[in-house]
Amino acid sequence: EVYFKNLSKQKQKEVMEKNGNNHKLRVCVATCNRADYSKLAPIMFGIKAEPQFFELDVVVLGSHLIDDYGNTYRMIEQDDFDIHTRLHTIVRGEDEAAMVESVGLALVKLPDVLNRLKPDIMIVHGDRFDALALATSAALMNIRILHIEGGEVSGTIDDSIRHAITKLAHYHVCCTRSAEQHLIAMCEDHDRILLAGCPSYDKLLSAKNKDYMSIIRIWLGEDVKTRDYIVALQHPVTTDIKHSIKMFELTLDALISFNKRTLVLFPNVDAGSKEMVRVMRKKGIEHHPNFRAVKHVPFDQFIQLVAHAGCMIGNSSCGVREVGAFGTPVINLGTRQTGRETGENVLHVRDADTQDKILHALQLQFGKQYPCSKIYGDGNAVPRILKFLKSIDLKEPLQKKFCFPPVKDNISQDIDHILETQSALAVDLGGTNLRVAIVSMKGEIVKKYTQLNPKTYEDRLALILKMCVEAASEAVNVNCRILGVGISTGGRVNPREGIVLHSTKLIQEWSSVDLRTPISDALHLPVWVDNDGNCAALAERKFGHGKGVENFVTLITGTGIGGGIVHQHELIHGSSFCAAELGHIVVSLDGPECLCGSQGCIEAYASGIALQREAKKLHDDDLLLVEGMSMKEEEVVSAAHLIQAAKLGNTKAESILRTAGTALGLGVVNILHTVNPSLVILSGVLANHYVNAVKDVINRQALSSVKTVDVVVSNLADPALLGAASLVLDYTTRRIY
């Protein structure tokens, strides 16, 4: 770590020397509207905080300077930034022609400003028509351009504008791995792409604990409670203005019918916005007792409002991007954000053509709470961007180079991102130990923590949170980017809600426990929970013998007997989340009693607990120890002693193990006759002792059509942790779980 820090400092020093020892990078940040300022402001604060490296010039244009849109340039002044130039560039009319004329007016005015400022680099954000004018002017005047949020996909003309700016820009800061891959596919220079995350997330992830009730009361009234109001923000779709106005009308009708206090923000300056405002006034929204209609809310206050709302509705990118950081439910209407990556908090209503459809979406989403999502950032974007700016060599040729296929795998010249690894936090909640690990995409356990599992619910949950926070902090030091948390636990689990419904007798006081919410709230990460047997199957599917196999079964042979069933590449949970309780397949009507209360279960014969019980019986009758064996007086009799005795020729121990292997084999035969897998994987500490016995029973007892099944022993060292990690890695990268 010290080596790489010194290497980075040396590189920055070399760049400073190349650029001239006393030369500071002159950065021009141009902001056009309230939305792009929320992304640019954190970068501006970062630049301003390092005057030894940068000089900052701020140019304000677009709807910032229009009263109908809140004169939002004032919030820039309130943030104590000196505005170098104000350019009135908006031609009123709010139609397609006015947008074109506004771009033309900006192109006329910008050259004089850029000639006076002579910036080394201009920072341009996003996909607005004003930003296209900025990028065009800078490119034609040989000024380097850093484009924020390129490579993303959405609806309307914004897509075309965003990609056009990408082609003009020299450097790119993107927010997601997919956006980065899109930029690479567009033949942009790999070394000039930085995967940093969204700058606004640097503020969002630390914002939720502030005093929010006073803000809610200011904007929505004294009698409003948290999670009991709606924030609505809808913009015109410039490629289908007539339909977007109709959709806005239906949205307002649905909100009126839903009868909840609602904060409605005026739309942006795009073509069609004037007609949308007319719809608001026609329906009396500004005077309706349930509605508050406003032109602008300061960003610091806006994020508090959406963080504690019962729901957000509309088609703003804020809904599918920033709001996910709080887990607030979102209803995304229409096609304006088609293609955006979203968290599970977003419900899409692509064809919002009836009031009933929108009303039904409100009924489904309002008041829910989802896991916090970090798809668009982890709160460290600004330091990465500043480091990237410092690495720019002004003596490099200005002419862009395009990297045509084949593309390379490396993602950035930033050493942190070259070394960063997509990873998961894996938690194994066992009967004895609680384990947490950082697991890489390739299944490598980078770091592991183990503690004794506390006996009480409160202590257990507190320890899980403590260990997860510690592991998440350590992930930064080992250059791992944590995508989420996966938890493996015994018992019956509802994976959709992240709730342990009933646990095993090994883990007491663990019933109807919501594991997802407290851990997600503490870490600001999505959380998945599943049964340990299912996790073992997922581990095999991603890292083990089950990789690429369509139908297979995993059997865990350890303290208990469990497992998971994968059918057509998907894990089977069952209607009440009780599928694959393989240890409780009954193989004898009058067999030994099982911990579940039944008799003759596989677990009552073949589990570690069952073997320990039989070993104790032999030991009590002085029939366990044979020549070559010895036990200390205080040593506890275990299954291992039974296995050792059998290996040394103890016929009674051999008989017990043979019966256990037969019971397990009969259970496997039942599984083969029920789900007909092509592969059976035995996992756990007893797997090697049972594999041959299971094969023998299959040959004797199974139908000829299933005798060809492969029975193998797992080669995974830690299936519980790897399976918990698979919950995260499969979902966040492929969306298949």
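Even glycines carry a Cβ here, placed using N, Cα and C.
Straight from TrEMBL, the features:
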DOMAIN    53-390  domain 'UDP-N-acetylglucosamine 2-epimerase'
BINDING   R492, T504, D532, E581, H584, E603  N-acyl-D-mannosamine binding site
ACT_SITE  D532  active site
BINDING   H584, C594, C596, C601  Zn(2+) binding site
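Projection of TrEMBL feature records onto the structure.
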residue: R492; record: N-acyl-D-mannosamine binding site; Cβ within 10 Å: 19
residue: D532; record: N-acyl-D-mannosamine binding site; Cβ within 10 Å: 26
residue: E581; record: N-acyl-D-mannosamine binding site; Cβ within 10 Å: 18
residue: H584; record: N-acyl-D-mannosamine binding site; Cβ within 10 Å: 20
residue: C594; record: Zn(2+) binding site; Cβ within 10 Å: 22
residue: C596; record: Zn(2+) binding site; Cβ within 10 Å: 15
residue: C601; record: Zn(2+) binding site; Cβ within 10 Å: 28
residue: E603; record: N-acyl-D-mannosamine binding site; Cβ within 10 Å: 28
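Cα proximity to C594 (Zn(2+) binding site) (within 10 Å) is found for none of the binding-site residues R492, D532, E581. If you measure from the Cα atom of C601 (Zn(2+) binding site) to that of D532 (N-acyl-D-mannosamine binding site), you get 19 Å. H584 (N-acyl-D-mannosamine binding site) sits 8 Å from C596 (Zn(2+) binding site), counting Cα to Cα. Taking the C-alpha positions, the distance from E603 (N-acyl-D-mannosamine binding site) to C596 (Zn(2+) binding site) comes to 9 Å. In this structure the C-alpha atoms belonging to R492 (N-acyl-D-mannosamine binding site) and C596 (Zn(2+) binding site) are separated by 13 Å. Taking CA atoms as the reference points, E581 (N-acyl-D-mannosamine binding site) and C596 (Zn(2+) binding site) are 11 Å apart. Each residue in G583, V586, L595, G597, S598, I602, E603, A604 lies on the same chain as H584, C594, C596, C601 and has a C-beta within 8 Å of the C-beta centroid of that Zn(2+) site, without being one of the site residues.
Over the domain 'UDP-N-acetylglucosamine 2-epimerase' (53-390), the average per-residue pLDDT in this prediction is 92. Between the CA atoms of C596 (Zn(2+) binding site) and D532 (N-acyl-D-mannosamine binding site) there is a gap of 17 Å, rounded to the nearest whole number.
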